[in-house]
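Engineer: Handing you a structure now.
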Amino acid sequence: MAEPRGPVDHGVQIRFITEPAGDAQMRTGRRPAKDARANTYGVAVRVQGIAGQPFVVLNSGEKGSESFGVQIKGAHRQGPPGAPHSDLELPAEHSRPLAQENAGTWQGSVSDEELGDPWRGRLLRSQSQASLLGPAPLGPGHRSTSLLELGPPGLGAGSAIDTAPLSSVDTLIHKFDRHQGGQARGRTGRRMRALPAEQRKRSQSLDSRHLRDPPEDRRSPIPWAPPSRPGSAGSSKQPAPKPIPTSSYSRARQTQDWVLQNFEEPRTRAQDPAVLQFKSTPDLLRDQQEAAPPGSVEHVKAALYGILREGSSESDASVRRKVSLVLEQMQPLVMTTGSAKVLAGQGELAQKVEELQRKLDEEVKKRQVLEPSRLELEQQLEEKAEECLRLQELLERQKGETRQSGTELQNLRLLLDQAGRVRSELETQVMELQDQLKQGPVPAKEGLMKDLLETRELLEEVLEGKQRVEEQLRQRERELTALKGALKEEVASRDQEVEHVRQQCQRDTEQLRKSIQDASQDQAALEAERQKMSALVRGLQRELEETSEETGHWQTMFQKNKEELRAAKQELLQLRMEKDEMEEELGEKMEALQRELGQARAGAGGSRQVEELRKLQGEAERVRELEQQNLQLQKKTQQLSQDCAEATKARGARMAAEAEAALLVQRRTAVETTLQETQGENDEFRRRILGLEQQLKETRGLAEGGEAAEARLRDKLQRLEVEKQRLEEALSEAQAEEGSLAAAKRALEARLEEAQRGLSRMGQEQQALSRALEEEGKQREALRRGKAELEEQKRLLDRTVERLNKELEQIGEDSKQALHQLQSQLEDYKEKSRREVADAQRQAKEWASEAEKSSGGLSRLQDETQRLRQTLQASQADLDTARLDKELLAQRLQGLEQEAEKKRRSQDDRTRQVKSLEEKVSRLEMELDEERNTVELLTDRINRSRDQVDQLRTELMQERSARQDLECDKISLERQNKDLKGRLASLEGFQKPSASLSQLESQNRELQERLQAEDREKTVLQSTNRKLERRVKELSIQIDDERQHVNDQKDQLSLKVKALKRQVDEAEEEIERLDGLRKKAQRELEEQHEANEQLQARIRALEKDSWRKAARSAAESSLQQEGLSSDEEFDGVYNPNSIASLLTESGLQTSSC
């Protein structure tokens, strides 16, 4: 914001040109002109403060000499900072060259009131804020587009405000004419009133509130802060405005045009100074009163109201409405800074969004890379856990086997102890028999010795067999110890491996958990950032939509400006035609005047004719003033066309277009009013010309001043031709701008076509989505069929598992029954062997007693011992075979139990897998139902959005058709307005207005009101159109989001379908594996049946052997009961050959121990 600025008074310098050259050279530092005439006189008035431009009036009193009117330069000359400013632009014969002063100082002339003071050549003023001509330090100017900064700042304490009007220039001219003794020249009448000297104070004007352009850059205003003087109450920055051209219309209209010019963009000041030269009077230095505090809306409203109200005959309501309209048109300029900040921050936000998106993609990739490793580690952990369970089961099984082997070893030791006791008893019996033999007769001693030797050999063989059995037992014990050590080492190594794997799995799981937590945290942070960025993006989208709406509004305003430019072109063409007609009329009148002047020279003779000639000269001056006003009007139209060209060139600055459009509209209204006033003045001019013709017809003696008037008219004609060329150039520029606007229109049509193509693409994408939905329905049907097949396979698996369970139960029952039978048979064999041993012991005792009684019982004893040996050997062999069979059966039973447990576990696994598959299938069905519902909802939304888009399209078409109709109506109304204006122009030729003029004016007002109503309706339609476009954009964004959601769901469904297919393949592989296991179990059952059959055959053979042994024992007992009497019979019956034959018949070898 700019600092508050105090008012700055303006100085006026007045210099009489006819004063001596030396004095003028002393005061102003100018060199005397070489071709200066002695009779040149006039008044040079410089108004300091209006953009530093001088105001010059030069009059000449001699005949045939040139007199110059009012001229103010429109802009400074471009030059370096130290270049001096030119004061006047005069012809060669009247101009005086300017003297260059120091760099950075302002030029000035000396008034007649300030002679005698050496510093008065600088035009210093007391009671003002700063020196008008002192050096002004330049600072960086900040261009503010806010309307609130344009108001006059508050006054400082003690600052003197001169509110009295300036003395007019006419009074100064009149004073000079009286000093020369001549007659009053120039404009006389309403400005002949001279004020007292004490009331001739300089006033402050709002013109000084405009920023002064620096010499370096005329586009940006740079405030200058002159050094404060002792007489000033405060110092503040005071800019200077551009001069405003004036004409003969009302002063209120002038001030209104001045306000409109001050509200323009500062870049209009960069025009060529030669183009922006206007002629004006210092009437713009008006009285101003104190205003409200600066920076407030009320202050601006009060200033605008005071400017528009003064000198105007309009009502207060209309003036207030105009003030509010100006404020509304200028208000959007405040919003440009916020939009610029938003656009500046948009790039940074986009970069942040890209960085966050890249980080999110990296985290997702890392997670995707870690996911298979995590799954593999989980699978390895499960496998290691299963292996640990399997090793634990193997350890328990080995422990059970060791326990069984220990019990078997204890049983073997007991049996060995029993055999040792039997052997010791037999040895005692043999010793007793030896003693008996020693005591017995000699012939029987040799036989007994042979028997003893045989029994000794048998005992040695028994001892060797015992040793072999003990060695086998020791070897078994060593093997058991080695197996125990190996099992312990293996179990320890497996425990270490399991512990290592468990620790590794724990570390991996912890790392995975940490990485998952970090990823979840990062994802949460990214999600939060994404939400923030999405909120920012939504805000930016809203702002972009608002800016797009504003751009649409600017485009509409631009179109309106274009139409207004066309209307201005048509008005310019009409003015050109009127100018041509006026030129033709002036040429005809000049020819008539020349003819009449020639006639008047021939017959001029009296004082009455001289007076009439002077009156005619006065009328000619009035004609010149009217021509000057016409030229000013043409310059106004040229400035309007240049402003229109600049507005079209500044198409990129959309924010400033509204203010320019408002200014153009207001200028158009001002131009229309000026055109009406100029038309009235033209009518008055025509009437004056008619009166002049009548006077010329009456006088016919006017000769003097005709040639001068003719020269002036020629100059005016040349100037008119120059203005005509300028207007043609402006028209060419306007045509070029029309071409650029047509290109912009084509670009907008291309954008509309692109939007239509986008809608067609959306329709195609919707069709693709419908096809994808149909494919998903087909995939669901396929999944349903796969689910039915899986259920059938599950039923088959359940049946096979039940059948296998039944078969396993039968096999287990059969093996248990066979084991019980074998155990019972073994127990029977043990009891029989025990009874036989007891019987043998009892019989041995009996035989010993009988041997004691008779020596003939020795042979029986020997036979009995042999039989006992044979039975002992047979029982040992049976025990060994039974033990082996028992071990084999126990191993087979354990194997069958293990296989049954494995099959049971596999069945449990299968049931669990089947249950999990059922759960997955049910969950997938639920998800499919949910997806179907969501897809249906999405299709409904898409259909609704399509209907809404169609409805909005139809509404847009209706709005466009309505807008076209309104434009057509507007064009027709404009044509009617032009026709009415033409009629008014044709009717203005009459002196007395007709009765239809008021009616035409009322019709014109009605047409203008209709145009305003149509403009309002057009704005309403544009606002509705913008709302509809915003709704279409929202719907398109919503459709894109829903499409993205549908694509995501489709991808998820495809992934789930692939997972289901993979699970189906795994289930098929599991089914094949179960079929292989079933076949393997069947083969093992068949092998078990064969082994059972072999065992049963062996058991039957053992039963036959036991039956034979029982029969043999019964035969031997019968032989013992017969009581053989002689030793020969004993020897014949129980000789070694008979014993060997018995042994061979029974199938038991004596050396098989």
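Residue numbering: from 1, along the chain as shown.
Just so it is clear, glycine is given a Cβ too, placed from its N, Cα and C backbone atoms.
Just so it is clear, the model here is predicted, and its values are computed rather than measured.
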Engineer: Tell me which of 509-551, 1025-1067, 1111-1153 corresponds to the region 'Tail' entry in Swiss-Prot.
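Structural biologist: In Swiss-Prot, residues 1111-1153 carry the label region 'Tail'.
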Engineer: Select from 38-52, 323-337, 653-667 the stretch of residues annotated by Swiss-Prot as motif 'ZIM'.
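Structural biologist: Motif 'ZIM', as annotated by Swiss-Prot, spans 38-52.
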Engineer: So which range, 355-393, 823-861, 940-978, 979-1017, gets flagged region 'Disordered' in Swiss-Prot?
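Structural biologist: That would be 823-861, per the region 'Disordered' entry in Swiss-Prot.
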Engineer: Need the matching range: Swiss-Prot marks region 'Disordered' on one of 131-151, 404-424, 593-613, and I'd like to know which.
Structural biologist: 131-151
Engineer: Which is it, of 17-37, 626-646, 668-688, that Swiss-Prot names as region 'Disordered'?
Structural biologist: 17-37
Engineer: Based on DSSP, tally up the residues of the region 'Disordered' (755-796) by helix, strand and coil.
Structural biologist: 42 helix, 0 strand, 0 coil
Engineer: Counting only residues 6+ away from its ends, which parts of the chain sit with a Cβ under 8 Å from the region 'Disordered' (755-796)?
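Structural biologist: Those are 914, 917-918, 921, 924-925, 928, 931-932, 935, 938-939, 942, 946, 949, 1036, 1039, 1043, 1046, 1050, 1053, 1057, 1060, 1064, 1067, 1071, in sequence order.
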